[in-house]
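This report concerns only the one structure given below.
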Amino acid sequence: MSGNDYYEILEVSRNASAEEIKKSYRKMVFKYHPDKNPGDKKAEEKFKKISEAYEVLSNPEKRAAYDRYGHSTFTSGGASGFDFTSGFSTDFSDIFQDFFGGGFGKSQRASSREHLRGSDLRYDVEVSLEDAFKGIKVPISYVTNVKCSSCSGIGSEGAVNSVKCGNCNGAGSVRTRKGFLTIEEVCNVCNGEGEVIKNKCRRCGGSGRVRNEVSLLVTVPKGIETGNKVRVNGKGEAGFRGAQEGDLYVYIRVKEHKFFTRRSSDLHCSVPIKMTIAALGGEIEMPSIDGSWTKLKIPEGTQSGDQIRMRGKGMPEVNSKDRRGDMYVHVTVETPVKLTKQQVDLLKKFEEESSANCSPKYQGFFQKIKDIWRDISSG
């Protein structure tokens, strides 16, 4: 190995804390790992140096000796040489857990039944906006692994009669070589149990579970939105040989409504009103999401594009007993068509008698245009 300074190799200062050393090591070991750099001899050599440096600096006693006596103490001529090919004493389990698809060692895998837990499942449900408003129970059906009824999930005929697994010799895990590392993985014969059932259940073959259809009612709470999910505990895949069941996650999609547009807990809608109501004010009846009709007051002088707020007429908030959003009514003033002669005469008379105060935006707009042209002409 090269005589490079261990602190320089790990890119830390000599007074770096143990956590800083570990953090830098994790970052560098991912970058230079041989499996991520196949055929790259420089990366392989760098990885060896990183591992050697961390082997020393992560150990308080070795680090103290290194700081006191220098690098030669840990080379082949020193008191504690580092043999890379013999394997690491460093625990890589937390570092490479995701890198190799799982943890290392029996302590994490074979000693726990967590890996035997059934998988979580996903189911997609579409509901109407009205159903999302009031809440609904939705019947669903799906096929998955369920607990075997013949053996009650234990996987054996009668009392369990187990023998040591011949594949892992009872360890629950097997070791395989991956480049420079020895990787410990769950035994695929006994699934980490270390033993196999001698008198396997004929129906499930010893797994404790069989394929079957599951039917249930899922409660969709009021106020639910697209993208929300409902968790149903224990309704996922059955665990292996009596291990914990997974959960079912029901993902919700709320259909688009023909009249209302939803924004969080608020509802928006567009409503046309007559010109006379817009000018004089009045009341119109509005449909609500709960199916009822509500009177909406239109202020005099209402313009197209104005927005009128109806408090508490929106969607209920999830997990709230009484709180609701608001409904926003976007007004469009409709110009009358197919007028009678009398109506035309009345409008002409109105136009003759109208002043600038009646249409301030209109008058202001054309006055602004006149001013612009006057400035251009005078210039």
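Backbone N, Cα and C atoms are what each Cβ position is placed from, and that goes for glycine too.
The domain 'J' annotation in Swiss-Prot covers 5-70. Helix, strand and coil counts from DSSP across the domain 'J' (5-70) read 46 helix, 0 strand, 20 coil.
According to Swiss-Prot, the feature zinc finger maps to 135-213. Mean model confidence of the zinc finger (135-213) amounts to 86 (pLDDT, 0 to 100 scale).
In the repeat 'CXXCXGXG motif' (148-155), helix, strand and coil residues by DSSP number 0 helix, 0 strand, 8 coil. The repeat 'CXXCXGXG motif' feature in Swiss-Prot is assigned to 148-155 (among others).
If you look up Swiss-Prot, you'll see Cys148, Cys151, Cys201, Cys204 marked as Zn(2+) 1 binding site. Annotation note: Cys201 (Zn(2+) 1 binding site) sits in a coil segment as assigned by DSSP. Residues within less than 8 Å, Cβ to Cβ, of Cys201 (Zn(2+) 1 binding site) and separated from it by at least 6 positions along the same chain comprise Cys148, Ser150, Cys151, Ile154, Gly155, Ser156, Glu157, Gly208.
Residues or ranges marked as repeat 'CXXCXGXG motif' in Swiss-Prot: 165-172 (among others).
The Zn(2+) 2 binding site feature in Swiss-Prot is assigned to Cys165, Cys168, Cys187, Cys190; the stated evidence is sequence analysis. Sequence-distant neighbours of Cys165 (Zn(2+) 2 binding site) (same chain, 6+ residues apart, CB-CB distance under 8 A): Gly172, Cys187, Val189, Cys190, Glu193, Gly194, Glu195, Val196.
What Swiss-Prot lists as repeat 'CXXCXGXG motif' is 187-194 (among others). Remark: secondary structure over the repeat 'CXXCXGXG motif' (187-194) totals 0 helix, 0 strand, 8 coil, with classes taken from DSSP.
Annotation comment: Swiss-Prot describes 201-208 (among others) as repeat 'CXXCXGXG motif'.
Between the CA atoms of Cys204 (Zn(2+) 1 binding site) and Cys168 (Zn(2+) 2 binding site) there is a gap of 23 Å. The C-beta environment of Cys168 (Zn(2+) 2 binding site), restricted to residues of the same chain at least 6 apart in sequence and closer than 8 Å, consists of Val174, Cys187, Val189, Cys190, Gly194.
Neighbour count (other Cβ atoms within 10 Å of the Cβ, all protein chains): 22 for Cys187 (Zn(2+) 2 binding site).
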